[in-house]
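Undergrad: Below are the structure tokens for one structure; questions will follow.
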């Protein structure tokens, strides 16, 4: 079957939730038995978000094949079973750099390179490539209609719709329908102007998703349909909800999936949302709660740890618990002391880069170890736990990471200079390597030690988890730390790189070099997070 396309755009304001809406629609279509993928097209000039500040852009989501991508791809994977790859996210920077590379190589035979057709052709080519083999491809365009940056992307999608045929394409536009308290009514004019903006570049939306803090009244939906040239049944009301996992059912209740299947002439089963109903039941009926302290350096923007936040919620679903996350700036631990860590049921230190706040994280790991507080360290969270143990248990005073102190006597964490990737190829890095795209990225095998807590949680000898880091445990100094009692319970496929450490004689202290949050989903959870939240609950009862 030829691929059908749903192009998702946004209007009026940003941050309306295009990614959540696209993922929710994909979840319904998948529940109807269709093979669905989702792509995100980002108009910014960065080649990828890998070197962007988390406080500006939010987290960098790492795919199975090692792409550093937009956090929306995390939403996609949490809503559907399809695994995202490098083909599912590209930026204007990536498009332009590829076109310029081809021009330098002589691929265009001396032609004058222009936005149309060369940039738009490259965009179309990547969309078609990413959609190949799927029944439905949902393509989300970042930004807001009217932005200069997004014009080449919208023009490319307009052309693609003409080329593949309008019977195989749907334009779905998210727009804001604000409620004005003084008038006591919702206002449709911003939506009308947003559609007018789309029409000015040759795109007639087929579906309007109207975001508001309440359901849009039928008379206002009819008004929007009339003035925006859209069937009334294709004007969908998407109100604010307490949980994003309610949205698939909300869209289905208004017949959005029926409209799309009829438009594409797809003969498929009714959507079975029983898995999502179970998720919502677990979420609405907790049997208790826990408070997890997340100690990091980007705590002013929770989206910087989006996948970790969601993974903790998923672990709450697994354990029928409400997980309350208390964000703690690691610099506050340095200045205010460890008292701010009291009354926490569990402590989590997520990944991060740079020296700022590191000593606060080391203090936090020490507090968790010495006070028997369940601890989960991720990436840098494992490295600070290793440094802390080396300093205070192994007696290696001044132990540190060469990332933070290149002249320290005991660089227990050091730059990876050579390792094997998933295909068995040797990757080499040095201090002179570029920051962008030079880390150990993507899914890597990890071999677990039998009898360890990690082995017990995973129930497997070999696991596969995603990585994003440059620094590793220094194998030259590692034996001294292990001799002091620290357990290395997970190793890379070649048995050279430390993947998991555990502190013995502690209720629950596990730290991993990889990022387990990237593979956690609301329907399946993740064994590490589930075990951590369970341990936190048991600690709360003491």
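Just so you know, glycine gets a Cβ as well, placed from its N, Cα and C.
What Swiss-Prot lists as active site is 515, 517. What Swiss-Prot records for 14, 187, 188, 189, 190, 191, 192, 223 is UTP binding site. Among the features that Swiss-Prot reports, CTP binding site is placed at 14, 147, 148, 149, 187, 188, 189, 190, 191, 192, 223. Summarising the annotation, Swiss-Prot assigns ATP binding site to 15, 16, 17, 18, 19, 20, 72, 239, 240, 241 and lists sequence analysis as the type of evidence. Here Swiss-Prot flags 72, 140 as Mg(2+) binding site, drawing on sequence analysis. Here Swiss-Prot flags 352, 380, 381, 382, 383, 403, 470 as L-glutamine binding site. Sequence annotations record features per position, and here Swiss-Prot assigns domain 'Glutamine amidotransferase type-1' to 291-542. The feature region 'Amidoligase domain' is assigned by Swiss-Prot to 1-266.
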Undergrad: Around the L-glutamine site recorded as 352, 380, 381, 382, 383, 403, 470, what other same-chain residues have a C-beta within 8 angstroms of the site's C-beta center?
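TA: Leaving out the recorded residues gives 351, 353, 379, 384, 401, 413, 469, 471.
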Undergrad: Let me know the most crowded of the binding-site residues, choosing from 192, 383 and counting other Cβ atoms within 10 Å.
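TA: Ranked by Cβ atoms within 10 Å, first place goes to 383.
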Undergrad: Would you mind ranking the binding-site residues 148, 380, 382 by how many other Cβ atoms sit within 10 Å of each Cβ and giving me the lowest?
TA: 148
Undergrad: Is residue 140 (Mg(2+) binding site) helix, strand or coil when read with DSSP?
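TA: In three-state terms, residue 140 (Mg(2+) binding site) counts as strand.
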Undergrad: Highest Cβ count within 10 Å among the recorded positions 187, 189, 470, 515: which residue is it?
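TA: The most densely surrounded of these recorded positions is 515.
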Undergrad: Would you mind reading off the Cα separation of residue 380 (L-glutamine binding site) from residue 240 (ATP binding site), to the nearest angstrom?
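TA: Per the Cα atoms, residue 380 (L-glutamine binding site) and residue 240 (ATP binding site) stand 35 Å apart.
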Undergrad: Could you tell me which three-state DSSP class residue 188 (UTP binding site) falls into?
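TA: Residue 188 (UTP binding site) sits in coil per DSSP, no helix or strand.
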Undergrad: Just going by other Cβ atoms within 10 Å, which of the binding-site residues 17, 381 has the emptiest spot?
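TA: 17, out of the binding-site residues 17, 381, has the fewest neighbouring Cβ atoms within 10 Å.
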